[in-house]
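Taken straight from TrEMBL:
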- 244-282: domain 'PAS' (DOMAIN)
- 359-583: domain 'Histidine kinase' (DOMAIN)
- 6-24: transmembrane segment (TRANSMEM)
- 36-58: transmembrane segment (TRANSMEM)
- 70-89: transmembrane segment (TRANSMEM)
- 101-126: transmembrane segment (TRANSMEM)
- 146-170: transmembrane segment (TRANSMEM)
- 182-202: transmembrane segment (TRANSMEM)
Amino acid sequence: MTWQYLPIVPAFAAGGVVALAAAVSLRRRDHGPGGAALVAVLVAAAGWSLAVAGAHARGDLAGKLLAVKLGYLFVALLPVAWVVFAWRFTARTERVDRRLIAGLSVVPAVTLLAVWLTPGVSLFWSEVGLRTVDGATYLDTTYGPAFVLHTAYSYVLLGVGGVAIGRTAILTTDSHRVRGGVVLFAVLAPWVGNAAFLLGLIPPGVDPTPLGVVVGAILLAAVTVRHDLLDVPPAARSFARDTAVEHADDGVVVLTEDGVVTDCNPAATDPLGVERDEALGRPLSAVSPSVADAVAAVESTTDADDARRIARSTAEGRRHYEVTVSDFSRRGLDGRVVTLTDVTESHRHRRRVGVLNRLLRHDLRNEMNVVMGYAELLEADAERTDAGATVARDPAPTPTASGDGGTNALERIQESAEEMLDLAETVREVEATLDAEGSELTRLDVAALVRAQADGLSFKAPTARVSVDAPESAWVKASDLVDSVFENLLDNAVVHSHREHPTIDVTVEADEETVAVTVADDGPGIPEQELATFQADGESALTHSSGLGLWLVIWITEESAGEVTFDVDETGTAVTVRLPAAAPPS
């Protein structure tokens, strides 16, 4: 056993001791999952540096070879610890688990096996000897295939971790960008020295890589302790933002400057009308012309709010979306972010308030005008009667409130009062519908509800001919107010019929997803103007619709995630209500 002194030995030894002390200090602090990986990097750097110091201090082949073999225990650990640290640092924690770490450790395990089989098996070093330079003895080796595998693998892991950190350093904010730059410098610098040594750009005998690794690892530890490097990883904000967008209720679509869809979140698939994979890489105008038109309306700063909204039929019924557009330009990338906000509830509420506003302004006022007009006629009639009684001792009979004219006036007042009572009852139903917004749906047998309403109509309108074609049961998930949907449809078919014996055919059809109830009559049909009213959004259009019955049908169906369609021809009107099917009770 021989020893030698080289000036580099204390440097490597000191570096190893300092790195080990930094690892112990960092281990005592709570720096999250990334802290453990950084401790592993520090331990690997310390072990490698101390082993190199021992190898240079020994003057015999056996001693040098043993020290180098011990050093490779830490050299093999270093790339794996580094890439795990890089993933932790960039908040890609979902990638790191025990199976992944075990997989990453396969090549290092092969490396260690090849190292410790030397010199018996020439896989890592094909030749091992000593060389003397200026009186100092160095290990002289010729590399084998296992060394090439180890080196290539180490640089691959270095590159993977470096790309992750470099991307983070470029894309994050300034303060985090500085941290990412420090980390990247701390790791790349020693490996640049290693590459220079392997390429023969540095005089043989002394590989500066271990010292560079020690310096870089200590720099990482210092930044971690003083600036909370791992407590708030620079990618955490980006990761949180990506997660928030991915799980947001609003649809988000990213477009290039030319309008090509480059990304979208799951919530955007309903308003776009296609799945995510079908949208990516295609122009927005081809994916969804209606959304593209709304984007164009927003960018043209049009004042028409309706132009910025779209409507889609989805699994949850007809939904309405408002489109907003934000431009972005960063590092040569220009494009737009389109946000699709579900405004279905506010749309429905605004439409319902508009209908009620029309009711109070128009229908109720008209009925009150009728009451006031006939009341004034009755008052005038009473005044004439009193005046006649004063002038004549034996007045002749004159029409009074009890006469034909007064009787007609009283009857008309009574009719108006009944109309207002009906309106009040309808408003009560509207109130119940509005109160039910957002409430949980219940399981109901539509077939039974339809039969009950048809039987009830036979008593209310005995002249009507009602037929029901329905299965024994048809279960849906709907609002508990859905019963009034069928009541209103049947009542409307009778009230608005011009025939003495109106005919009403009710059919119920069910499949795995929906239950469709169609109420068809032989009446004059709903006027086109009213059909347009039911599809309109603005309050001005609502003033032309008569009655709230069909509005209640639409509103309650919407609350039940269903859809109402109208089919009008010369034979009459067919109204179809589609509701989501439900499993029958067990």
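Placement of Cβ uses the backbone N, Cα and C atoms for every residue, glycine included.
Remember, it's a predicted structure, so these values are computed and weren't measured experimentally.
Outside the domain 'PAS' (244-282) by six or more residues, the chain places 288, 291-292, 310, 312, 314, 319, 321, 334-342 with a CB less than 8 A from a CB of the stretch. Over the domain 'Histidine kinase' (359-583) the predicted model carries a mean pLDDT of 78. Counting residues of the domain 'PAS' (244-282) by DSSP class, helix then strand then coil, yields 14 helix, 11 strand, 14 coil.
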